[in-house]
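The annotation region 'Disordered' is assigned in TrEMBL to 28-131, 775-880. Marked as compositional bias 'Basic and acidic residues' by TrEMBL: 34-49, 56-71, 775-788. Annotated compositional bias 'Basic residues' per TrEMBL: 72-84, 92-110, in sequence order. As annotated by TrEMBL, compositional bias 'Acidic residues' applies to 119-128. Positions annotated as transmembrane segment by TrEMBL: 243-264, 318-336, 410-431, 484-504, 627-647, 676-697, 733-757. Annotation source TrEMBL lists domain 'TMC' at 556-671. Annotation source TrEMBL lists compositional bias 'Pro residues' at 851-866.
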Amino acid sequence: MKLPGDAEVQTRRNLQRNVEAVMMKMRAMRKLPRRNEEEQPIRGKEAKPRTVMRTVTREKGRREGREEGRKEGRRRRTVRVRRGTPKERTRGKTRMMTRTRRRRRRKRTTGKNSSDSNSDSDEEESMSEGEMARLMEEVEEKKKLIATIRNKPWRMKRRLSHLKEAQEFVDKFEGALGKGKGRKWYAYKVMMTKKWIKFQRDFENFRTACIPWERKIKEVESHFGSSVASYFIFLRWMYGMNLVLFGFTFGLVVIPEVLMGLPYGSIPRKTVPRAEQATAQDYSVLMDFNGYCKYSVLFYGYYNDQRTIGLLKFRLPLSYLMVGIGTFGYSLMVVIRTMAKNADVGGGDGEEGEFTFAWKMFTSWDYLIGNAETADNKYASITTSFKESIVDEQENQKDENIHLRRFLRLMANVLITCSLGGSGYLIYFVVKRSQEFASRDDLSWYEKNELEIIMSLLGLVCPPLFETIAELEDYHPRIALKWQLGRIFALFLGNLYTFLFALFDEVNTKLEEEQSIKNASIWAMKEYYANYSRLINDTESTPPPMNPADVIRGPCWETAVGIEFVKLTVSDIQVTYLTILIGDFARAVIVRFLNYCWCWDLEAGFPSYGEFDISGNVLGLVFNQGMIWMGAFYAPGLVGINVLRLLSSMYYQCWAVMATNVPHERVFKASKSNNFYMGLLLLILFLSLLPVVYTIMTLPPSFDCGPFSGKVKMFDVIMETIDLDLPAFMGTLFSYAANPGLIIPAVLLMVLAIYYLNAVSEAYKNSNMELKKKMQMARDEEKNRRNNTDSTNQVMKDLEDLLPNRSLAPPAPPEPEPEPKPTKTKPGKGVNLEKDVTLASPNPNVQRPVSRPPGPRGQGPMPGPGAGPGRGRGRGPPPR
């Protein structure tokens with residue numbers, strides 16, 4: 001890159017001064033009348049710049065002389081006025097004011113006449129083509145300098161001075177590039193372009209400022225590295241997705257039911273039974289989500305089965321089902337789109353090029369930082385990035401015993417598999433035990449909440465156990481994190497599905513009881529009507545409706561499943577927050593304040609400050625989101641609880657990690673994309689979809705609660721809408737689309753398309769790898785060629801230094817030179833023998849062939865030329 005030197009800078013400044021002078025002279029020419037034909041350019045021809053400059057300079061001198069004369073006369077008159085009597089002073093001031101008014105009036109008249117004359121001679125007064133081209137070129141250079149000023153390796157003072165100078169030059173002369181009548185339009189376009197650029201910059205700054213928690217995440221990243229920051233970025237993304245799901249659920253299900261549905265207490269499903277009303281508001285009952293919480297919009301059973309509600313004829317059952325399906329559809333679309341976007345960025349596990357430390361050393365700092373706190377954060381971030389790169393280099397150069405390492409890794413996997421199987425059996429045993437507790441009334445607090453406590457304790461104890469066992473494997477920190485995430489994911493997933501299997505066993509039991517309860521409720525209703533008729537002795541009178549609190553209720557298994565998911569989510573929130581408060585904050589307080597009076601160093605030894613558990617927190621988020629996806633269909637209010645949980649977690653965990661944790665001992669870089677997290681989330685999304693689809697397509701809904709009561713299957717609401725609300729041909733189309741003969745070929749076609757696209761992607765990836773290898777080989781060959789050339793040249797120079805006459809090969813004996821023939825050679829294309837063929841002048845020792853054997857040196861000089869000026873030590877040529 002060529003840097004502008006002092007001579008170039010001086011040349012530019014001179015050109016700028018010349019342009020300014022020309023512009024000032026052209027403005028002066030507009031105000032001066034034409035004196036003669038020698039001083040003004042002829043119309044239609046281009047004036048010579050020297051003539052214009054000489055003429056304008058002469059007129060400028062005359063005008064300045066006249067102005068000086070006027071100022072001197074004005075000063076003398078003022079002095080005379082001041083020295084006279086008061087009456088003379090008054091008369092002098094009046095005369096001066098009169099002259100001033102006349103002078104201003106004369107200027108105004110002259111200005112109007114000159115403007116009329118200038119409008120007729122725009123072409124004469126415009127700049128010449130050469131001056132216009134030079135000015136345009138200079139303006140473009142200044143614009144380019146403004147755009148690339150940050151890339152210049154200059155000091156800040158020099159940058160600011162050049163930037164200010166370039167901006168002033170562009171603002172002053174950019175509008176003068178137009179000609180004649182187009183000048184104003186060009187100036188207007190330039191002004192609007194500047195305003196548009198400024199608007200784009202301000203809008204981009206506004207967008208950046210609107211990103212929530214950006215400064216908090218940057219602060220965490222600067223102190224703990226990109227791996228910890230990736231968790232908070234993932235948490236922010238999850239919050240945004242759940243906010244959209246919350247809008248769908250509350251906007252299309254909860255709010256229509258609250259505004260247009262029947263009020264509380266109007267029907268049995270919206271009324272607390274009379275037997276439970278005495279304890280419906282107790283704290284312990286509400287914490288178990290029974291009582292008034294159970295009969296609220298929070299759960300499935302509260303919603304009515306009316307086909308349309310309110311004045312708008314809102315179809316609530318159809319909306320409930322479509323929102324439940326749309327939740328999974330939107331989540332699937334967002335996750336896949338985010339994974340595709342991150343795939344364009346590229347993973348952090350690939351090659352990052354050469355000269356890593358050189359790039360970090362010379363290009364990491366931001367020279368435009370003006371805040372001390374920002375500079376500290378940047379310094380900490382650069383230091384952390386060096387630690388990450390050093391760990392990567394150490395892992396790449398590690399030499400290990402492969403057989404011992406394989407044995408230890410196999411043993412670690414066996415131990416972890418046994419732990420996973422034991423945790424699954426424990427949860428299944430606890431769920432079966434809780435079903436036995438359901439028939440008892442004298443339960444303790446632990447027996448009521450045994451399932452939630454066991455699952456939370458497993459999630460709390462197993463991840464540290466897995467991390468301890470993983471020390472045997474000795475993986476790279478990034479690879480170890482992925483293994484840890486996979487194992488904890490398997491733990492959570494196994495626990496969740498074990499819980500679901502046991503829960504669906506309980507659902508099947510309730511479905512068997514539901515038929516008998518349904519018959520009992522019908523019998524009770526008939527008995528009520530018969531007793532009323534017997535009481536008033538009139539069989540034709542209509543009895544009043546039964547009090548909703550006295551109606552026999554069914555088990556409503558959907559609400560029971562929703563309550564279990566809500567209790568599991570709330571208990572997970574409580575355990576997570578208490579773990580941070582006790583395990584991190586209390587530990588940090590003990591280490592901080594008791595280290596001075598303890599027997600050993602608490603910071604360096606036990607317990608020390610805690611590190612941020614990336615794998616546990618990430619899997620906690622993923623596991624919690626899976627419960628939200630599964631439970632949102634049975635408890636629409638669960639999405640709102642999750643939004644509050646994520647919002648509070650961002651502030652609470654940011655405070656905890658900055659106040660109580662220390663950076664990891666082995667700092668490593670996170671992937672440039674969070675596709676590993678997204679892959680886990682996609683898997684849990686698919687596995688969460690299966691129970692909900694099984695519920696919709698297989699299990700019959702409850703007969704007395706929920707929007708699908710009275711139907712054989714939940715999806716019957718779709719067929720009902722097609723039959724009653726849509727034209728007949730739409731029903732025919734849907735029946736054809738649901739035909740297995742059409743679905744199976746469509747699925748096969750999609751599988752083939754996925755296989756083809758995957759093959760094309762692999763081919764592109766292989767071609768990219770080959771191109772990278774070829775580019776690397778080309779760089780290596782170029783580097784080797786340069787090194788070999790330099791070493792060869794150095795060896796040749798050393799050999800020439802050792803020889804006396806700079807010649808490495810003796811020339812051939814002289815032969816009679818033929819007469820040169822004239823040849824037509826283009827200049828610069830011939831061969832210079834002295835320059836291109838030989839390295840030095842001919843060897844003077846070779847004059848005749850050797851005709852005698854070597855003998856002793858005589859007293860006289862040897863035949864041949866004398867000693868020549870050697871190059872090395874002042875000696876002559878060697879003896880022959």
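Including glycine, each Cβ sits where the backbone N, Cα and C put it.
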- In the same chain, which residue numbers or ranges, 6 or more beyond the ends of the transmembrane segment (627-647), come under 8 angstroms Cβ to Cβ? 235, 238-239, 242-243, 245-246, 249-250, 253-254, 296-300, 324, 327-328, 331, 496, 500, 558-559, 561-563, 565-566, 568-570, 572-573, 684-685, 688-689, 691-692, 695
- Query: Hey, which bits of the same chain come close to the transmembrane segment (484-504), Cβ under 8 Å, at least six residues off its ends?
  - Reply: 416, 419-420, 423-424, 427-428, 431-432, 435, 451, 455, 458-459, 462-463, 466-467, 470, 561, 564, 568, 615-616, 618-619, 622-623, 626-627, 630, 676, 680, 683-684, 687, 691
- Note on the structure: Per the Cβ under 8 Å criterion, with at least 6 residues separating them from its ends, the transmembrane segment (410-431) contacts 450-451, 454-455, 458, 462, 465-466, 469-470, 472-473, 487, 490-491, 494-495, 498-499, 501-503, 505-506
- Message: On the 0 to 100 pLDDT scale, where does the domain 'TMC' (556-671) sit on average?
- Response: 86
- Task: Would you kindly list the residues that approach the transmembrane segment (676-697) from elsewhere in its chain, counting only those six or more residues past its ends and only Cβ-Cβ distances under 8 Å?
- Result: 230, 234, 321, 324, 328, 331-332, 335-336, 338-339, 342, 482, 485, 489, 493, 497, 500, 504, 618-619, 622-623, 625-626, 629-630, 633, 713-715
- Query: What counts of helix, strand and coil residues does DSSP assign across the compositional bias 'Basic and acidic residues' (775-788)?
  - Reply: 14 helix, 0 strand, 0 coil
- Query: What counts of helix, strand and coil residues does DSSP assign across the domain 'TMC' (556-671)?
  - Reply: 82 helix, 4 strand, 30 coil
